[in-house]
Each structure stands twice: as structure tokens, then as C-alpha cells.
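Copied over from Swiss-Prot:
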- ASP6, ALA7, GLY8, ASN9, THR10, ARG11, LEU12, LYS13, SER122: ATP binding site (BINDING)
- TYR90, GLY97, ALA98, ASP99, ARG100, THR174: substrate binding site (BINDING)
- ASP99: active site, proton acceptor (ACT_SITE)
- ASP119: K(+) binding site (BINDING)
Amino acid sequence: MILLIDAGNTRLKWRLAGTGGPLEGAGVMADAEPLIGLSGYWSDIDRILVSTVASESARAQLHELLLAGAKVPVEYCWAESTRDGLSNSYGDVSRMGADRWHAMLAGWVRCKASFAVVDAGSAVTVDYVNAGGRHLGGYILPGLQMMRRSLKVDAARIGFEQSEQLDTRPGQSTGECVNHGLAWLTEALVQRIHRDAKAFGLSAIYLTGGDARRLQALGLEANVVEGMVLDGLERIASAGVL
């Protein structure tokens, strides 16, 4: 079996491919055992591919856990200049987060046409690809949870209770002003993505990540695809060697 891992800033997702049907799970990077769901499968794993944007210390901790569990080399998959007809716009591809590249690869393999991929995690990334597979560029923005945490920490005197309600009306209390303001900002992002999709003539918008449903609820007209980073890794794994 092949173990695929998407290790983000705060959470990780994993998938076991080659089991007749994929087995999937998730964990928190800071936990002592973020891969506890794999406890019954380690001996069956013969290959490990990882896409990560985690800090070096978090990556090293994960690396040790993987080596202790599976006893096979860990292969790290980073952004590339090109793969399967998809080409990167970055002059220095090592500066692109691996998760963005692998999500784009999954989108490209899925449609082979122009598209946007929106990954709504701790940060929100937006990337555009034309019909020829050329990455046109993208954006990186703070996600809903990151913005909320920032206000709690850096503007502690505001004092507000978190709400998951997605309301963009003007607030009538401090809590409403903050929570509605975050939804209002995100709705503005949604509108900009729609404008860009029209301007670039994109055929599809793919939406993935933990806050995908929230962006969809705020009006983003997109196909929600769970685990696009893992899909991209699985495509790389199917090619054999890196």
C-alpha cells in the first residue's frame, strides 16, 4: 500500500491507496500521535509520499513518526517546474508551497482545461491555470480561522465570542461586527474569484480544504473536491519514481 500525506500548518490528512478502496483519516500536527488511525496498517505500507508546508521542526517530528511506523523511506514531493503538461509560473519553484502545486495537478488531471483551484485551509490559496496547462498565478490570503485568531490575539481588547454563522449584515454588537466582518471579507473574495474566472475564461472552479463549505455557503460557485492535495500525490505515485 502507498501512504499519502498532506501535512499543513495545523492539520494533516492521510490516505492509504492500493487497498481496494482508499482509506482516509486526519489528525492535528501538534498531537503526539497524529497518525494513530494508521496503527493497524504500518506493516502493509511499502511507500510513503508527503506534501508539506509545515515548519521544519514539525516536518522532522512527522518524519520520525513515519520511519518508526512503516520502516520505509519517506519521499517528499515539492512543487515542480512541470508535470503531466502542467507548468509552473514561478521563476523559483522551490518558493511555491507544495500543497498548491499538488492541488493544481489534481485539478489539471481532472479537467485538462482552464480552471481555478481554491484551497480554503488555515490560509486560503487561489490559483489559476489556463487551457494549455500554464499556471497564470494566484493569491495567498489568511483564512477565516486565522483572521479570527489574529483578532483575538492582536486586538484582545475587542473581546468577542466566536460564531460560525455566516452573516454579512452590518453587526450591532462587537461580536457581530467581528464575525460578520470576517464573512463580509470572505464574500468579497468569492466575488473576486468569480470576476477572475470570467476574465480568464475558466472552465471550472475547484474548491477544497477545511473551510470549503463555508466559502460555498457564501456564494462561491465551485465543485467541492475533498482531498485535492492527496489526489495530486496519488497521481505522482502512479507515475512510479519521483
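Glycine too: its Cβ is placed from the backbone N, Cα and C atoms.
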Filter the binding-site residues TYR90, GLY97, ASP119 down to the ones within 10 angstroms of ASP6 (ATP binding site), Cα to Cα, kept in sequence order. none
So which binding-site residues out of GLY8, THR10, LEU12, ASP119, SER122 end up within 10 angstroms of ASP99 (substrate binding site), measuring C-alpha to C-alpha? GLY8, ASP119
For GLY97 (substrate binding site): intrachain residues, at least 6 apart, with Cβ closer than 8 Å: VAL53, ALA79, THR125, ILE140
Taking Cα atoms as reference points, rank the binding-site residues GLY8, THR10, LEU12, ASP119, SER122 by distance from TYR90 (substrate binding site) and give the first. ASP119
In whole Å, note down how far the CA of the residue listed as 'K(+) binding site' lies from the CA of ARG100 (substrate binding site). 8
Sort ASP6 (ATP binding site) into helix, strand or coil using the DSSP assignment. strand
If we count other C-beta atoms within 10 Å, could you say which of the binding-site residues THR10, SER122, THR174 has the fewest? THR174
Reduced DSSP state (H/G/I helix, E/B strand, rest coil) at GLY97 (substrate binding site) is coil
May I ask for the distance between ALA98 (substrate binding site) and GLY8 (ATP binding site), taken between their Cα atoms and rounded to an integer number of Å? 10
With an 8 Å cut-off on Cβ-Cβ distance and a minimum sequence separation of at least 6, pull the same-chain contacts of LEU12 (ATP binding site), or say none. ILE5, ASP6, ALA26, GLY27, VAL28, MET29, PRO34, LEU35, ALA54, LEU62
Per DSSP, SER122 (ATP binding site) is which: helix, strand or coil? coil
